[in-house]
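Enquirer: Sending over a structure as structure tokens; questions will come in a sec.
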Amino acid sequence: MSSSPPHPPKKLKMSSSATTSDAEEAPSSAPGEPRRRYKRRKVAIFLGYCGAGYQGMQKNPGARTIEGDLEEALFLADAVPASDRGLSRRYDWARSARTDKGVSAAAQVVSGRFYVDPPGFVARLNAHLPDQITVFGFKRVTNSFSAKKFCDRRRYVYLLPVFSLDPSAHPDRESVMASIGSDNELTRCLECSERGRKIPTSTDPFSQGSKQEERPDSEQVEDGKFESTKLEKPDIARDGAGDDQLGASDIILTENQPETAYSISMEGELRASNVDECGNPSNRDSFLEERSTMQTVVHDESNEQLTAKTKFCYDDEQKARFNRILQHYVGTHNFHNLTTRIKPEDPSARRYIISFHANSVVCIDGIEFVKCEVVGQSFMLHQIRKMIGLAVAVMRNCAPESLMDAALRKDVRINVPTAPEVGLFLDECQFTSYNNQWKDSHEPLTMDAYAEEAEDFKMKYIYPHIASMEHKEGAVALWLHSLNHRNYPDLGFMETSVCAGAHEKHVENLAE
């Protein structure tokens, strides 16, 4: 009995390199013939973007989002008909990850049904997108595919400045003391204060002639003129830190405060210096001499501090400690303390972290960054930023390492710091199960074909943006000043618990 010949292997459905998969659907080039209608193809689109100036990935009415610009570009590139413009459900839209405000992506994946024929779909799409959003390519997928549901795991990278792990870098009052006597004395002071406010360089009170009138916080003096400016508060206010949480030990110099009537002690305390009952210097020469002497002392101490800071490096010892701290997150845990608006009993609070490590350092524009890579099935709002924030607090000895496990307990409710969004970006979306199931009929959904383009995009847009935000605004440096027990009293949760436990035991012993 003769056996039937084996079936020939199925031809893979190609995409980026061969966009006209069906010859009968190709457009007619003969003049005068009616234009043929194209079929919609279910495709997965690979893209990268820099999150600067965007309110996140997901479309939000009234806000500029990555998704909003991308959907409009799809319409302008003739991938979506006019009847479906702005109605993403009609073309089965899905995204692999929903990045937060200011967060970037080097390998985001979205899916939907689009008109991708004739060839040139990627070029047409990029022509209608800003430079900070780039489509790398697309691949044909099954009709049931969803970029959200079929994504097995997601890998994020957080570029954390090395100095943020140094407990001696950017503590309270350090920047204020270091800037005394510089050209932009008060500006630098308040850029690294907890308020993050900027005011002009202080002037000699003897040159004013009389006491200046009090001015609202929305005005500055520059060359004797009033100039309206907007004073913004840092993100720590949203995480529980308010204006009324500044301790007496903080040196906050404001426009209406007679700064030159005070000097700064070695402990950072303010003390009166030859002032009369109105708060004005009673003797100009002695006052200026004392201030000059005090600035010299502070500068000497500042130089010592700067020298000490340069000795800190992310060596094997620091790397081992930081990785040990990050390992507390690995596995399935209840992350209700490391997200926003999620109750402990909510099933969505349980997430599985596959790996979390920080083994390499990259130097960008003169700043060294620790590359923190976390892989998980999925993440909640602000989860990664809070995970980084708590880990940094432990590294800087603001909280005990035992707090890591306490933060993952269902019966504990604490507030943990949230690291700035600028250092975070989506590095890869993985579709392992889908690729194994459909490997005989469809191309694998990986970034292999676009790896070089994605790396170039990171080097051109994402990395420079992260470094520039640190140079210009001190995104992480300002945030470090909020890592104290005034703004985050729960950082001392374990110490309070131990004291409470000891007290209860003492009471029990007395009762016996």
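Note: Cβ is positioned from N, Cα and C throughout, glycine not excepted.
Reproduced below are the annotations present in TrEMBL:
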- 1-37: region 'Disordered' (REGION)
- 14-31: compositional bias 'Low complexity' (COMPBIAS)
- Tyr156: substrate binding site (BINDING)
- 197-245: region 'Disordered' (REGION)
- 200-210: compositional bias 'Polar residues' (COMPBIAS)
- 211-241: compositional bias 'Basic and acidic residues' (COMPBIAS)
- 326-431: domain 'Pseudouridine synthase I TruA alpha/beta' (DOMAIN)
Enquirer: For the domain 'Pseudouridine synthase I TruA alpha/beta' (326-431), would you mind checking the mean pLDDT of the predicted model?
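Expert: Summarising the domain 'Pseudouridine synthase I TruA alpha/beta' (326-431) by its mean pLDDT gives 96.
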Enquirer: For Tyr156 (substrate binding site), which residues of its chain lie six or more apart in sequence with Cβ-Cβ distance below 8 Å?
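Expert: Listed in sequence order: Glu373, Val374, Phe379, Ile384, Leu424, Phe425, Leu426, Asp427.
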Enquirer: Work out, from DSSP, the number of helix, strand and coil residues along the domain 'Pseudouridine synthase I TruA alpha/beta' (326-431).
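Expert: Output for the domain 'Pseudouridine synthase I TruA alpha/beta' (326-431) reads 32 helix, 36 strand, 38 coil.
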